[in-house]
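Comments concern the structure below.
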Amino acid sequence: MNGFSTEEDSREGPPAAPAAAPGYGQSCCLIADGERCVRPAGNASFSKRVQKSISQKKLKLDIDKSVRHLYICDFHKNFIQSVRNKRKRKASDDGGDSPEHDADIPEVDLFQLQVNTLRRYKRHYKLQTRPGFNKAQLAETVSRHFRNIPVNEKETLAYFIYMVKSNRSRLDQKSEGSKQLE
(Lines of atoms letter the chains of each structure in order from A and count residues from 1; the text may use other names and numbers.)
(Lines give C-alpha, C1' and ligand atoms only; values in the text may rest on other atoms or scores of the structure.)
Protein backbone atom coordinates (compact mmCIF):
# COMPACT_ATOMS: atom_id res chain seq x y z
CA MET A 1 0.00 0.00 0.00
CA ASN A 2 3.02 2.31 -0.16
CA GLY A 3 2.72 2.84 -3.90
CA PHE A 4 4.94 -0.10 -4.88
CA SER A 5 3.47 -3.34 -6.11
CA THR A 6 4.52 -6.59 -4.54
CA GLU A 7 4.51 -10.10 -5.90
CA GLU A 8 1.36 -10.76 -3.87
CA ASP A 9 -0.41 -7.76 -5.42
CA SER A 10 0.38 -8.88 -8.94
CA ARG A 11 -1.31 -12.27 -8.32
CA GLU A 12 -4.49 -10.59 -7.07
CA GLY A 13 -5.05 -8.57 -10.25
CA PRO A 14 -5.10 -4.84 -10.94
CA PRO A 15 -5.65 -2.50 -8.02
CA ALA A 16 -9.13 -1.11 -7.50
CA ALA A 17 -9.88 2.42 -8.67
CA PRO A 18 -9.44 5.00 -5.96
CA ALA A 19 -12.80 6.27 -4.73
CA ALA A 20 -11.72 9.91 -4.82
CA ALA A 21 -10.60 9.91 -8.46
CA PRO A 22 -13.56 11.01 -10.58
CA GLY A 23 -13.99 9.29 -13.89
CA TYR A 24 -11.28 6.69 -13.27
CA GLY A 25 -12.39 3.81 -15.50
CA GLN A 26 -16.00 5.03 -15.40
CA SER A 27 -18.29 5.95 -18.24
CA CYS A 28 -20.71 8.86 -18.42
CA CYS A 29 -23.76 8.43 -16.18
CA LEU A 30 -26.24 9.90 -18.70
CA ILE A 31 -28.79 8.28 -20.96
CA ALA A 32 -29.26 10.30 -24.15
CA ASP A 33 -32.30 9.56 -26.35
CA GLY A 34 -32.84 6.23 -24.58
CA GLU A 35 -29.24 4.99 -25.02
CA ARG A 36 -26.54 4.93 -22.36
CA CYS A 37 -23.54 7.15 -23.15
CA VAL A 38 -20.34 5.09 -23.33
CA ARG A 39 -17.85 7.98 -23.37
CA PRO A 40 -15.39 8.12 -20.47
CA ALA A 41 -16.55 10.24 -17.56
CA GLY A 42 -14.69 13.46 -16.84
CA ASN A 43 -14.62 15.41 -13.60
CA ALA A 44 -17.88 17.30 -14.24
CA SER A 45 -20.75 16.06 -12.13
CA PHE A 46 -24.47 15.95 -12.85
CA SER A 47 -25.61 18.13 -9.94
CA LYS A 48 -29.15 18.98 -8.91
CA ARG A 49 -28.75 22.43 -10.47
CA VAL A 50 -27.69 20.94 -13.83
CA GLN A 51 -30.49 18.39 -13.60
CA LYS A 52 -33.01 21.19 -12.99
CA SER A 53 -31.76 23.27 -15.93
CA ILE A 54 -31.93 20.23 -18.23
CA SER A 55 -35.51 19.51 -17.22
CA GLN A 56 -36.44 23.17 -17.85
CA LYS A 57 -34.91 23.05 -21.32
CA LYS A 58 -36.73 19.77 -22.10
CA LEU A 59 -33.55 17.99 -23.22
CA LYS A 60 -33.68 14.23 -23.67
CA LEU A 61 -31.01 13.51 -21.08
CA ASP A 62 -31.55 11.40 -17.99
CA ILE A 63 -29.33 9.82 -15.37
CA ASP A 64 -28.78 6.06 -15.39
CA LYS A 65 -30.05 4.84 -12.02
CA SER A 66 -27.81 1.75 -12.11
CA VAL A 67 -24.53 3.70 -11.87
CA ARG A 68 -23.10 4.70 -8.50
CA HIS A 69 -21.55 7.99 -9.61
CA LEU A 70 -22.73 11.29 -11.10
CA TYR A 71 -19.82 12.09 -13.43
CA ILE A 72 -20.57 13.09 -17.02
CA CYS A 73 -18.38 13.07 -20.11
CA ASP A 74 -16.84 16.21 -21.59
CA PHE A 75 -19.16 16.00 -24.62
CA HIS A 76 -22.31 16.24 -22.49
CA LYS A 77 -20.74 18.91 -20.26
CA ASN A 78 -20.03 21.10 -23.30
CA PHE A 79 -23.45 20.30 -24.78
CA ILE A 80 -25.25 21.39 -21.60
CA GLN A 81 -23.18 24.58 -21.38
CA SER A 82 -23.77 25.46 -25.03
CA VAL A 83 -27.53 24.97 -24.71
CA ARG A 84 -27.55 27.18 -21.63
CA ASN A 85 -25.63 29.95 -23.44
CA LYS A 86 -27.73 29.73 -26.63
CA ARG A 87 -30.97 30.06 -24.71
CA LYS A 88 -29.63 33.07 -22.80
CA ARG A 89 -28.74 34.89 -26.02
CA LYS A 90 -32.09 34.11 -27.64
CA ALA A 91 -33.92 35.44 -24.60
CA SER A 92 -32.26 38.87 -24.83
CA ASP A 93 -34.36 41.99 -25.40
CA ASP A 94 -33.52 42.69 -29.04
CA GLY A 95 -34.51 39.33 -30.53
CA GLY A 96 -31.06 37.83 -30.54
CA ASP A 97 -31.60 35.14 -33.15
CA SER A 98 -29.71 36.94 -35.91
CA PRO A 99 -26.22 35.62 -36.68
CA GLU A 100 -24.85 39.17 -36.49
CA HIS A 101 -26.00 39.47 -32.88
CA ASP A 102 -24.02 36.37 -31.82
CA ALA A 103 -20.83 37.70 -33.43
CA ASP A 104 -21.17 41.23 -32.04
CA ILE A 105 -21.46 40.35 -28.35
CA PRO A 106 -19.02 37.72 -27.13
CA GLU A 107 -20.32 35.63 -24.24
CA VAL A 108 -18.40 36.39 -21.05
CA ASP A 109 -18.75 33.78 -18.33
CA LEU A 110 -18.87 35.81 -15.12
CA PHE A 111 -19.72 32.67 -13.12
CA GLN A 112 -15.96 32.01 -13.04
CA LEU A 113 -15.34 35.11 -10.93
CA GLN A 114 -15.23 35.02 -7.16
CA VAL A 115 -18.19 36.32 -5.17
CA ASN A 116 -16.07 39.16 -3.74
CA THR A 117 -15.19 40.32 -7.27
CA LEU A 118 -18.85 40.27 -8.29
CA ARG A 119 -19.78 42.25 -5.17
CA ARG A 120 -17.04 44.79 -5.90
CA TYR A 121 -18.37 45.20 -9.47
CA LYS A 122 -21.90 45.64 -8.08
CA ARG A 123 -20.69 48.25 -5.60
CA HIS A 124 -18.62 50.12 -8.22
CA TYR A 125 -21.53 50.46 -10.64
CA LYS A 126 -24.08 50.89 -7.81
CA LEU A 127 -26.32 48.08 -9.08
CA GLN A 128 -29.54 47.62 -7.16
CA THR A 129 -30.07 44.09 -5.81
CA ARG A 130 -31.80 42.48 -2.89
CA PRO A 131 -29.55 41.65 0.06
CA GLY A 132 -28.42 38.04 0.34
CA PHE A 133 -28.02 37.24 -3.36
CA ASN A 134 -26.18 33.98 -3.99
CA LYS A 135 -23.33 33.74 -6.50
CA ALA A 136 -25.52 32.65 -9.43
CA GLN A 137 -27.99 35.51 -8.93
CA LEU A 138 -25.18 38.01 -8.49
CA ALA A 139 -23.37 36.78 -11.62
CA GLU A 140 -26.61 36.98 -13.62
CA THR A 141 -27.25 40.58 -12.49
CA VAL A 142 -23.65 41.61 -13.20
CA SER A 143 -23.61 39.93 -16.63
CA ARG A 144 -26.90 41.63 -17.57
CA HIS A 145 -25.33 45.00 -16.67
CA PHE A 146 -21.99 44.12 -18.30
CA ARG A 147 -23.67 43.39 -21.65
CA ASN A 148 -25.36 46.80 -21.62
CA ILE A 149 -22.29 48.97 -20.96
CA PRO A 150 -21.65 51.23 -23.99
CA VAL A 151 -18.07 50.97 -25.26
CA ASN A 152 -16.40 53.19 -27.83
CA GLU A 153 -14.37 50.39 -29.42
CA LYS A 154 -12.30 52.57 -31.74
CA GLU A 155 -11.18 54.87 -28.93
CA THR A 156 -10.48 51.95 -26.58
CA LEU A 157 -8.36 50.10 -29.16
CA ALA A 158 -6.47 53.25 -30.14
CA TYR A 159 -5.68 53.98 -26.49
CA PHE A 160 -4.62 50.36 -25.90
CA ILE A 161 -2.29 50.39 -28.93
CA TYR A 162 -0.82 53.72 -27.84
CA MET A 163 -0.15 52.38 -24.34
CA VAL A 164 1.44 49.20 -25.69
CA LYS A 165 3.69 51.13 -28.06
CA SER A 166 4.77 53.58 -25.37
CA ASN A 167 5.32 50.76 -22.81
CA ARG A 168 3.24 52.63 -20.24
CA SER A 169 0.08 52.07 -18.31
CA ARG A 170 -2.07 54.13 -15.99
CA LEU A 171 -0.31 52.50 -13.07
CA ASP A 172 3.05 53.76 -14.39
CA GLN A 173 1.64 57.28 -14.68
CA LYS A 174 0.37 57.24 -11.10
CA SER A 175 3.71 56.06 -9.71
CA GLU A 176 5.60 58.72 -11.72
CA GLY A 177 3.25 61.41 -10.41
CA SER A 178 3.95 60.42 -6.82
CA LYS A 179 7.73 60.51 -7.47
CA GLN A 180 7.48 64.08 -8.76
CA LEU A 181 5.79 65.17 -5.54
CA GLU A 182 8.76 64.02 -3.45
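Glycine too: its Cβ is placed from the backbone N, Cα and C atoms.
Residue annotated by Swiss-Prot as phosphoserine (from the set Ser10, Ser92): Ser92. Neighbour counts of Cβ atoms within 10 Å were taken for the disulfide-bonded residues Cys29, Cys37; the minimum is at Cys37.
Within 10 Å of the C-beta of Lys165 (SUMO2 cross-link) we count 8 further C-beta atoms, all protein chains included. There are 27 other Cβ atoms within 10 Å of the Cβ belonging to Cys28 (disulfide bond). In the three-state DSSP scheme, Lys154 (SUMO2 cross-link) falls into the helix class.
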